[in-house]
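Participant: Here it is, the structure in full.
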Amino acid sequence: MTTAAILSLPTPSSSQPSTPGPLAPATPPTSTPPAVATSVGLAQRLRESTAQAHQDVMMPAVVHKLVKGQLSRSMHLRYLMLLHGVYSALEDALAAHATHPCLSGVYNPALLSRAGALESDCEYYTGEREWSERSEEGKALQKDKPDAVRQYEARLRDLGEKDEGETGERSPTLLLAHAYVRYLGDLSGGQAIARALRKSYSLPDSGEGSAFYEFYLPDTVSSNGLPERADLNETKRIKEWFREGLDRAGELMTEEERLRVLKEARDAFTYNIGVSGHLSPVRRSAR
């Protein structure tokens, strides 16, 4: 679906359930519909199933500092670098299964992908285009990447393996859970974090240094020649489109498959708790 089509959706009402904040572990749909249909869509079930996990992920003081733009620049850079590996693995996996019936309805890389924005932000803060290899922070992280983050990336790469016979614990449908936790969280809190960062770090309003938290409309052009930044109403419509895609995917699954997705979403929050647990400034290489 194009961005224009997504934004033509009716504006969600205020009663629309909220989604988790930004922050950890598959079966192709069967050819026949589930024997017992549920009146509650997959998006709502994901929200309810991860409610406690969402609370848990928001508890650490470092997360509150992140949301308020109170992390030191070095600690924030570390967060962005950790997420860059996670999103690269997630988006490679989604691309590998872009035509899967359960994933195609939520796959819109021009609108949602974050790896490129993270790359840009890391370049901004390190001053290096090839920051992972040339910056002191990038080299230090590559030498000492936390095991929790490596496990997160490994799980996503495992789900991205192009093996049409995979089911159960390695089904590509489980990528829905990771996309739900990351993208809806980013859409829900990103703009507020971007505003806080611009104030705390004196960042330009153009988006440099806060690109990860912003969503842009790829088929639009603003006065400066760049895509327009999605405002609050537009991000609400994008979230509504994403939830509808989740619900359609859920209708293609058996109940067993849906339950696996719910578990994977809880695991995804656990992985993200592991990411936030390693937000100490990156140690520079010894001279």
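Glycine residues also receive a Cβ, built from the backbone N, Cα and C atoms like all the rest.
Pulled from TrEMBL, these are the listed features:
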- R47, H54, Y180, R243: heme b binding site (BINDING)
- 7-18: compositional bias 'Low complexity' (COMPBIAS)
- 19-32: compositional bias 'Pro residues' (COMPBIAS)
- 1-36: region 'Disordered' (REGION)
Participant: Among the binding-site residues R47, H54, R243, which residue has the largest number of other Cβ atoms within 10 Å of its own Cβ?
Facilitator: R243
Participant: Let me know the largest Cα to Cα distance in Å among the heme b-binding residues R47, H54, Y180, R243, as an integer.
Facilitator: 17
Participant: Have a look around Y180 (heme b binding site) and count the other CB atoms within 10 A of its CB, chains all included.
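Facilitator: So the number of other Cβ atoms within 10 Å of Y180 (heme b binding site) is 25.
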Participant: Would you identify the secondary structure of H54 (heme b binding site) according to DSSP, in three states?
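Facilitator: Helix, per DSSP.
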